[in-house]
Amino acid sequence: MGEGEAEDEILLEFTPTWIVAAVCSIIVLISLVVERLLHYLGKFLKRKNQKPLFEALGKVKEELMLLGFISLLLTVFQSTIVKICIPRGWTDHLLPCKKDSSTDLAATTAHYFAGATRWKRRLLSSQESYCNAKNEVPLLSLEALHQLHIFIFVLAITHVVFSVLTMVLAGLKIREWKHWEDSIKASDSGDGPRTVSHLNQFEFIRDRFKGFGKDSRFLGWLYSFGKQFYGSVTKSDYTTMRLGFVMTHCGSNPKFDFHKYMVRALEADFRKVVGISWYLWIFVVVFLLLNVGGWHTYFWIAFMPLILLLAVGTKLEHVISQLAHDIAEKHSAIEGDLVVKPSDDHFWFSRPKIVLYLIHFILFQNAFEISFFFWILSTYGFDSCIMGKLQYIVPRLVIGVIIQILCSYSTLPLYAIVTQMGSSFKAIFEEHVQQSLIGWANKAKRRKGPRSGYGSSKAGSAGSEEESSRGVPLQKLGRGDRNKGLESV
């Protein structure tokens, strides 16, 4: 080992103490600043009664804790991992970059495991000799572990940032609907004369109903596909779905603030989107396995979130159209206002939550594509073989931008309002109101059935809490409790 190499490998015991203290101080200072910022942000959200966003912040902290644990595992076990030796022939298969046959085997192996020379990191001589003595190579080098560590960190941070960005942009779009809510309340004159109107007089029916028969079904789906790109939700859509929700779930409170409820419901769902679930990590592992040179996996997989996003947007638009068809197929004229009937049957497998899971996967996969691109760019450079050719790079970036914009300004706002057309009502009341509802449900259960001892009472209490967390149909509540809950939304 030369003098220059020895200088690059100075151990901690020969490092000046002022350097060690300075580096530690900077790392600790940055960590404390980030921790304090998250702490004060949490206090701000609690002071503003933003419980869903506060819980989403807790998800972010969980992700940071998971990253710290991954970091610890990679650091503690790196000396063990690099001493796991495998036959040289095993490294000739499923490579992200094809080896040059004219290059010496040892040099190509070193290039594959050591990565970019800009990092100037080397395997320790003892670890090299450990596997070389067996005529084998390390399972993973220190440099590869270091780069893998950085990639996992960049992926998690990018996903959180993109999720927050999507939520903020979607919130700005949804706030544009606030003046519709205000105008509806201002024009509501109470119980007036009920007139009979033909369905064609309603703008909602004219826009959404495409007739009967097979041709109309095809035109309906085609219309729903194109509608997500422009004016995904119109005033007539908002007014009709709002009235259907109010009449179904809170008929005794016609001045119910549907817009505020919808925003809070979306915030409650956001805490599920911002995290990285176990099945998303499985996707990462599968992608890393299939990222073989010549397959262009990173290019083809970029179309997956785009296709899913278009499918989700089309389905949400079609749910609105289906509400119009349900009315038009049963009536030719109606008395009073046009009232649609929310139902879970309009959604895939009668489960509106499937849409949220798909949006979660779409946001994560798009963040994965973007983070993978920037990680390759910063680690290996633009001309790296793992980056691919220009004709594969540009479409990936364009697709990523399209997904981010479409999801922020169309799909997520659509999700916020259309999922309210399900059969259930989400319990997103204030904490004290939710406790009152749980107490009322417990009393109602005790009055309804015979007492069966402590065990049955405890089970009833647990069941009530579970029902409150899932969603409480307001028809089950008494008028006093129901109005109290609605006023707090």
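Glycine residues also receive a Cβ, built from the backbone N, Cα and C atoms like all the rest.
Those TrEMBL annotations? Automatic predictions, nothing curated.
Summarising the annotation, TrEMBL assigns transmembrane segment to 18-38 (among others).
Here TrEMBL flags 64-86 (among others) as transmembrane segment. Residues 123, 127, 130-131, 134, 136-142, 145, 148-149, 152-153, 156, 276 of the same chain lie 6 or more positions beyond the ends of the transmembrane segment (64-86) yet place their CB under 8 Å from a CB of it.
Same-chain residues lying 6+ beyond the ends of the transmembrane segment (148-172) with a Cβ under 8 Å from its Cβ atoms: 60, 63, 66-67, 70-71, 74, 140, 263, 266, 270, 273-274, 276, 284, 363-364, 366-368, 370-372, 374-375, 379, 404, 407-409, 412-413, 416. For 148-172 (among others), the entry in TrEMBL reads transmembrane segment.
Residues or ranges marked as transmembrane segment by TrEMBL: 273-292 (among others). Long-range contacts of the transmembrane segment (273-292) within its own chain (CB-CB distance under 8 A, at least 6 residues past either end) are made by residues 56, 59-60, 62-63, 66, 94-96, 155-156, 159-160, 163-164, 167, 298, 301, 356, 359-361, 363-365, 368, 386.
Positions annotated as transmembrane segment by TrEMBL: 354-377 (among others).
Residues 162, 165-167, 169-170, 173-174, 177, 228-229, 232-233, 237-238, 241, 262-263, 265-266, 302-303, 305-306, 309, 312-313, 316-317, 319-320, 355-356, 359, 362-363, 366, 369-370, 373 of the same chain lie 6 or more positions beyond the ends of the transmembrane segment (397-418) yet place their CB under 8 Å from a CB of it. Feature annotation from TrEMBL assigns transmembrane segment to 397-418 (among others).
Per TrEMBL, region 'Disordered' is recorded for 444-489.
The compositional bias 'Low complexity' annotation in TrEMBL covers 451-463.
If you look up TrEMBL, you'll see 478-489 marked as compositional bias 'Basic and acidic residues'.
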